[in-house]
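As written in TrEMBL, here are the features:
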- A:29-92: domain 'V-ATPase proteolipid subunit C-like' (DOMAIN)
- A:28-50: transmembrane segment (TRANSMEM)
- A:71-92: transmembrane segment (TRANSMEM)
Amino acid sequence: MEAIARLIAAEAAAAAEAGTTTGDGLTAMGAGLAYGFAAIGPALGIGNLVGKSVEAMARQPEAAGMVRTTMFLGIAFTEALALIGFVVFILLKFA
Amino acid sequence: MSTPVSPLGSVLAGQAPEVSISRDLVKRGLFAAPVVVLGGFIADSGAGAASAGFALALVLLNFSLAAGLIAITAPISLGLMMGAILFGYIARLGLITVAVLLVKDLSWVSIPVLGGAIIVTHLGLLFWEMKYVAASLAFPGTKPNKPYLSKSRPPDKHQAKD
């Protein structure tokens, strides 16, 4: 416990020396969380989407063209969510 | 009784519809480029225009990479395609991040315009393409010149009777 408290105190002193505030730290944390969480949802979505598409293509190979078409568009739409998270990250961090 | 076949071991032969779609998306993106750049210019003059152009290029590259990955891996195995799509998603997200981090400090970059243009062009192009694809899937007869929409269509029963 004492070691952690000492570490936090040292970090706070270093931050004060560098001229950063708690607000800056929270912004950086928020940016990281926004990007990280925004990437998790689409990853699950794409996994589910592709899994079901593979199943559909294996069941009905004659419909593979249609399934692949809709799968590709589905992937791109799902990925848009991650891109929104990324844009929130760059806006919070660099704008 | 037929022997069960693993879907992951199956392969997909024939044309890759993703390549046709991504080519279509790139074509539409190039058509829309002047409007996107003009929008960026209105938002933040020269830096905005350059950022909007850069964002459009990133989005088009992202679509092309996604389509290329599927087209290359699908004829090998569906399992590989699945893996390539999932890891490709992370890799492409990383590539976009690296590309933006590399240019973020340059004088011609406007971060708000860059971010906004990435979202607007990505979604805009997708909705534009989706409108076309949805209509073609619902009424395949209306778009006979697109092979990726009509090739896999099963033969019409009514037509066979005639």
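Cβ coordinates come from backbone N, Cα and C, glycine included.
All TrEMBL annotations are machine predictions without curation.
According to DSSP, the secondary structure content of the domain 'V-ATPase proteolipid subunit C-like' (A:29-92) in residues is 63 helix, 0 strand, 1 coil. If you average pLDDT over the domain 'V-ATPase proteolipid subunit C-like' (A:29-92) in this model, you get 89.
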